[in-house]
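Student: Below is the structure I would like to discuss, written out as structure tokens.
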Amino acid sequence: MRLGKPKGGISRSSSQGKVYENQRKTGRQRQRWGMTVRFDSSLRRLRRGLDEKPYKCVECEKSFSQSSTLFQHQKIHTGKKSHKCADCGKSFFQSSNLIQHRRVHTGEKPYRCDECGERFKQSSNLIQHQRIHTGEKPYQCDECGRCFSQSSHLIQHQRTHTGEKPYQCSECGKCFSQSSHLRQHTKVHEEEKPRKTRGRSLRAKTHSLSSWKAGKGRRSAAGLR
């Protein structure tokens, strides 16, 4: 008895057993690297796992695993920011960046911590916050082994080993390893400016008074003659 063609447009080759295809939207499958994987999202994940990046940028030769990622990257070279905020007019390369920016205007905080209920505008901020509860410190210093919950804290710490001081005071040229230390330092200059201004004003007033007295004395002497 001859069997009819299976539903869903599936074609099989029992002799080879290599290719399995399902033309329905949810089901295209192929056998690769000794395993059967979903052709859409699973294959893209497998490509990333194997570091396969077939899509290359002609401008900088940077490679990507997905064509959509390459398309977004190319906007950096063209300078085209096609996603514009209707509230302030600021433009962005990617729609996801515009969505994040819009939360500045709306105040929306869609990411909620299950432990304490605090909300955040970005998922990355929530992930960093959750490490307060879990105690996770995934960033380790290669020099001393000290661990940190945020990569920015590790970068700041590493400057204690390298001696790097990238933040320079525009007033006196003094350098600092952290931006917070520079901000504290600039307050010293801000406090000095009013004192200098008051000092200059006092000297100017004293000089004017002395000049006035001297002039008055000369006029009096001339009158006596």
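Cβ atoms are placed via backbone N, Cα and C, with glycine included.
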Student: In Swiss-Prot, one of 29-51, 167-189 is tagged zinc finger. Which stretch would that be?
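Tutor: Comparing 29-51, 167-189 with Swiss-Prot, zinc finger matches 167-189.
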Student: Against the zinc finger (55-77), which of these stretches has the most C-beta pairs under 8 Å: 83-105, 111-133, 139-161, 167-189?
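Tutor: Ranked by Cβ pairs under 8 Å, first place goes to 83-105.
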Student: For the zinc finger (111-133), DSSP counts of helix, strand and coil?
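Tutor: Helix (H, G, I), strand (E, B), coil: 11 helix, 4 strand, 8 coil.
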